[in-house]
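Below: the structure, in structure tokens.
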Amino acid sequence: MPSISPASDADRALVIGSGLGGLAAAMRLGAKGWRVTVIDKLDVPGGRGSSITQEGHRFDLGPTIVTVPQSLRDLWKTCGRDFDADVELKPIDPFYEVRWPDGSHFTVRQSTEAMKAEVARLSPGDVAGYEKFLKDSEKRYWFGYEDLGRRSMHKLWDLIKVLPTFGMMRADRSVYQHAALRVKDERLRMALSFHPLFIGGDPFNVTSMYILVSQLEKEFGVHYAIGGVAAIAAAMAKVIEGQGGSFRMNTEVDEILVEKGTATGVRLASGEVLRAGLVVSNADAGHTYMRLLRNHPRRRWTDAHVKSRRWSMGLFVWYFGTKGTKGMWPDVGHHTIVNAPRYKGLVEDIFLKGKLAKDMSLYIHRPSITDPTVAPEGDDTFYALSPVPHLKQAQPVDWQAVAEPYRESVLEVLEQSMPGIGERIGPSLVFTPETFRDRYLSPWGAGFSIEPRILQSAWFRPHNISEEVANLFLVGAGTHPGAGVPGVIGSAEVMAKLAPDAPRARREAEPAERLAAE
């Protein structure tokens, strides 16, 4: 098959995968003078942040909210653009409601006073402890997000320097342990500790550094992009094309090519070879090392080492539309979390035992409350997400056999909050861990790549600059700083600090630098 002309290789950068991390990487590389080509096996950019439309119902397939809009504004500014001119964000308040089987509920808002009132309503004796929790969260936000999360952690010395702060902040405690230290009510302990599930982590084992999410929500609020996260992905693609970048959709990369220890391009599944001066992989880090670099000897990220990591849970997601339901179930807002009778036991079944439990907790997304474009007039669009085991088990769940019975169980839970919903369901689509494995090439169908435990965070994660191959960079959920929209956008920011400017940009800068020196 033909290769790109060598004369054009040096200034070309290839980005494997058009998830939000890959798109952010492409934007930042374009700002550094690279001519970027983004390659993805899907038909539209966005990866998990893309959408599918059926019968007028648009289903946002992955992330549903934006918690740190400033990270996107900074990204656009780097490219000489205005994010708010390209994407409309709408604040959501309340952020979500947490419900328990006993009928009690906890409404999460941005206002500290409103939150303290909610805590007092549930458990008056826990208000003082909640205030301490907020202070703890703020400290970890400034260190864990604004500092650690925005710089590279690829050198061991980077880790050694921060160990005293980790110790001072008791990063050895889990998120749940820290919540339990501050409040006594088990419902509040759950409400203050479940956030790691949003990025694939077990609240009973993930480091307490992740309580910073409470401060993130308080600092920036929770926002919804009109048009869904897919609208953000589409806007990112337009910026890339405006920089002179291009896309190869419906195109799968089979291998990263390495010559004398340096990444020089990729071979596509079709056999075509694309050469480049720089390669960025937004594919899952496990897929990058085990599959795309399968023919290259690796020192650290061997197949055995990748397989030995703890992986995030899988996801069962049911996307569906309902007919004539606008205005029904007014107490079910944009986001609702419906808890199972068990918390710790269910989490252990998912993360430690690899067992598909009969009970379930659901994250219910009803974007039609906020965005009329997601459904036909008078209708609603939903998705219901249930955390489930990934496929890296001795006896993985056979989703071909159990997906439909499990969906029926999800419907039974939904009926408790929205009576009669089953009679009004229209278009329907189900994603299981097998879908994540096949559609997104996610190892073992994990929803969020490598789980963010303390010994799988920062330096311990696959680095943004590859340890195995020169000229290869990694972005996305499996790298530093981690999963979630702020995490993958941040991974591209870290990558850009490590990647060089394009050769042509350096050449163009030389005369100006000489004049300045004179």
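For all residues, glycine too, the Cβ spot is worked out from N, Cα and C.
So that you can see what the record holds, here are the features copied from Swiss-Prot:
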BINDING   14-47  FAD binding site
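If you draw a 10 Å sphere around the CB of GLY19 (FAD binding site), it holds 27 other CB atoms from the protein chains shown. Within the same chain, the residues at least 6 positions away from ILE39 (FAD binding site) whose Cβ sits under 8 Å from its Cβ are LEU14, VAL15, ILE16, GLY17, SER18, PHE247, ARG248, THR251, GLU252, VAL253, VAL266, LEU268, LEU274, listed in sequence order. Cβ neighbour density within 10 Å is lowest for VAL44 among the binding-site residues LEU29, VAL44.
The binding-site residues in question are LEU14, ALA24, and the one with the fewest Cβ neighbours inside 10 Å is LEU14. Neighbour density for TRP34 (FAD binding site): within 10 A of its CB lie 30 other CB atoms from the protein chains shown. According to its DSSP assignment, VAL44 (FAD binding site) is coil.
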